[in-house]
Structure formats: structure tokens, C-alpha cells
Amino acid sequence: MKILAIETSCDETAIAVVEAKGGMKNPRFKVLKNLIASQIPIHRPFGGVVPNLAKREHIKNLPILYKKIMRGYSPSALNYIAVTVGPGLEPALWTGINFAQELSEKIKKPLIGANHMEGHLYSFLLSQKAVISNSKFLISKIFPAIALIVSGGHTILLQMTAINKWKKLGETLDDAAGEAFDKVAKMLGLPYPGGPEIQKLAEQGNPGAIKFPRPMLNKLNYEFSFSGLKTSVLYYLRDHSQTEKADVAASFQQAVIDVLVKKTIRAAKEYKAKSVILCGGVAASKPLREALRISVKELQLNFAVPDFQFNTDNAVMIAAAAYLNLLDKKKNILPIEARGNLTI
Ligand code: KG4
Ligand code: ZN
């Protein structure tokens, strides 16, 4: 079936057309069209996403992207429209929902809601090469799995027994990993979004130069906390005005990676996982991917990570989440309304 998916939960207006096939044991996705209008240059002067500006930009971008994506297509070729209903910024979510609802009435295609976090989780399915240690993609080699979802708004560890069955082991008690990257980048005078900027600066620094704390590392639970680490960086910068900023970036990045990797690996051992899944915007971090890949390989487990293009927000992953929801007859249908705090 063909799904037109719409994503407006934060600062990317994204529309995609995806062909989805197969059952729960063998879902396959072919990306037919994938458009993203990034608002980064608009929010950059403010050092973060401004919800009302995001809303204004989504309203402006949606009809333009829709027109562009439907060039050469007839709406009759589509089977469903999918839209992100949460979590995210509610004014931004509503723009996508309102647009999708009007479109659904106009072209007479059913509308389904999708959870943005499920989109991130399923983004590893979008590449046949996703399971790095196997050249062939085999879902039977994935579950049971441990999934680490790290984005600008969330840091969640899941224990998965099947593609549609999971238990939340823990999440962040305060800042999300991506949020910590963005805030520390701001302290270092780097532009928004901070993650890629910190990664770039860290390449010239020494990750062992400054001993920043590894919050919650030795706590025997699966919760995370990054706010204390962020404060340590703030105090360090206040007390060491002549410091080498690249060393601060590298040492901070290393502290985040150490915590994420160690907790994920501990969960993989405890729950006897066959694989580890890494997803969400922060999964675009090359040093994090590499560190987790090495640790997972040492345990002789499979490692599943999305292609770079599907780590940060996109609408292809929303189509994937919607399709898997359609396949899962037991799953509660999400109401078509914005839910900023929707969980996974
Ligand atoms: O998933 P995403 O696109 O949006 C949310 O749903 O939040 O994630 C965006 C987050 C931002 O905080 C950004 O700084 C972070 O992902 N990020 C990175 C990297 N690339 C993006 N963090 C660390 N290293 C990166 N290379
Ligand atoms: Zn996201």
C-alpha cells in the first residue's frame, strides 16, 4: 500500500510517500518520495526552536511540499494519509493534523495518527542494510532487542520482544541527550542544533582532557540524567575562561557517550538481547554510533541503526509507524489530536 505521511512535530516540515509491504515479521518499505523543509536557519538566531515561528513556517511549507510531492501522482494512487499526533510542540503538531484532516476529506483517503517516537524506533527498518553485522536484513536476528531512542526531546531505553511489543526500562529524569548537546553548544557559543557542531569541534579536542561526571552510570537502573553534566560544563567554563573549547566539547561528548553505551550494553546483557537498536536524532552522532557498534560487536550481537538520512526528523519514519500500527490489530488507534506528551 502507498502511504502519504506528514510530520510537523518540531522544526522540520516533512512529507513523504512510502510503499509499505509485508507482515509484522517482514515489513518492507520503499521510499517513493521524501521531502523535508528544514527551519534551522529561522530558529538559529534564537538558539532553539520557537514554537510560534515553527507553526507559521509549517503552515507556509505544507501546501508547497504537498504540491511538489504530488507532481506526477494522482491522489487515487494513495491508500492512506498518516500524520504525527505527538509527542512534540502542540502548535506545530496541530498544523500537520489540520492539513492532513482537510486533505483526507478532500481526496477521500483515510487518515491515521502516528507516534513520533515509534517513527524514530522503526527508522532502522528503512534500510535493508540496517543490520550492520549481517549483509542481509533478517528480523529474526533482531528480537529480543534493546532499543536506545535518543533525540532532542527524549532519551528512552526499551526492551523489545517483537516489533510491536516492548517495555520501557527507563528514560531521562531531566534533559534529553540531544537537549544537553544543544544547551552545551550554546554555552560554547555554537549555533543550534548543537549536536553536529559539538561533534565537529570535538574532533579537534581531547575526550580525556576534562573529567566531567557520568551521571547515573553506576546506578543499577536504566534511568538517565543529563542536567548535572550540563551544569558541570557551565561551572567549568565559568572557572576556566582560557580553556580549549575543543577539549570541553570532546570531554562532554565522551561523558554522554559513556553513559548511553554502558547502560545500553548492561540492558542488552541482562535481557539477553540478540540485537541493539540505536535511533533518534542523536543517533546521527558518528562517535556514538561507533562506540555502541564496537561494544555491541564485542558481545557478538547485531547492531541496527538507521541510515544517516533517517536519524533526524522525517516523514518516512512516520509512514513506517503508521503501517505497523495498521498491521497490529490489537493496537489502540490514536485519536487525531495533538498530544504534546504522548509517550511510547
Ligand atoms: O530526533 P530529532 O531530529 O528531533 C527530535 O525529535 O527531538 O533530534 C534532534 C536532536 C538535536 O538535539 C540535535 O542536536 C541532535 O539530535 N543531534 C546530534 C547530532 N545530530 C543531531 N547530537 C549529537 N551528535 C550529532 N551528530
Ligand atoms: Zn524526532
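Even glycines carry a Cβ here, placed using N, Cα and C.
Residues or ranges marked as Fe cation binding site by TrEMBL: H116, H120, D313. Every protein chain considered, the tally of other Cβ atoms within 10 Å of the Cβ of D313 (Fe cation binding site) stands at 27.
What TrEMBL records for I149, V150, S151, G152, G153, D182, G195 is substrate binding site. D182 (substrate binding site): 24 other CB atoms within 10 A of its CB, across all protein chains. For the recorded site, D182 (substrate binding site), the DSSP three-state label reads helix.
The average pLDDT for the domain 'Gcp-like' (30-319) in the predicted structure is 93. The domain 'Gcp-like' feature in TrEMBL is assigned to 30-319.
Per the record's binding annotation for substrate, residues I149, V150, S151, G152, G153, D182, G195 show a top Cα-Cα distance of 17 Å. For I149 (substrate binding site), the count of additional Cβ atoms within 10 Å of its Cβ stands at 26 [all protein chains shown].
The local packing around V150 (substrate binding site), expressed as other Cβ atoms within 10 Å of its Cβ over all shown chains, amounts to 29. The most crowded of the binding-site residues listed here (H116, H120) is H120, judged by how many other CB atoms sit within 10 Å of its own CB. If you draw a 10 Å sphere around the CB of G153 (substrate binding site), it holds 21 other CB atoms from the protein chains shown.
Screening the binding-site residues V150, S151, G153, D182, D313 for a C-beta under 6 A from any atom of ligand 2 leaves S151, D313. Within the set of binding-site residues (G152, G195), the lowest number of other Cβ atoms found within 10 Å of a Cβ is recorded at G152.
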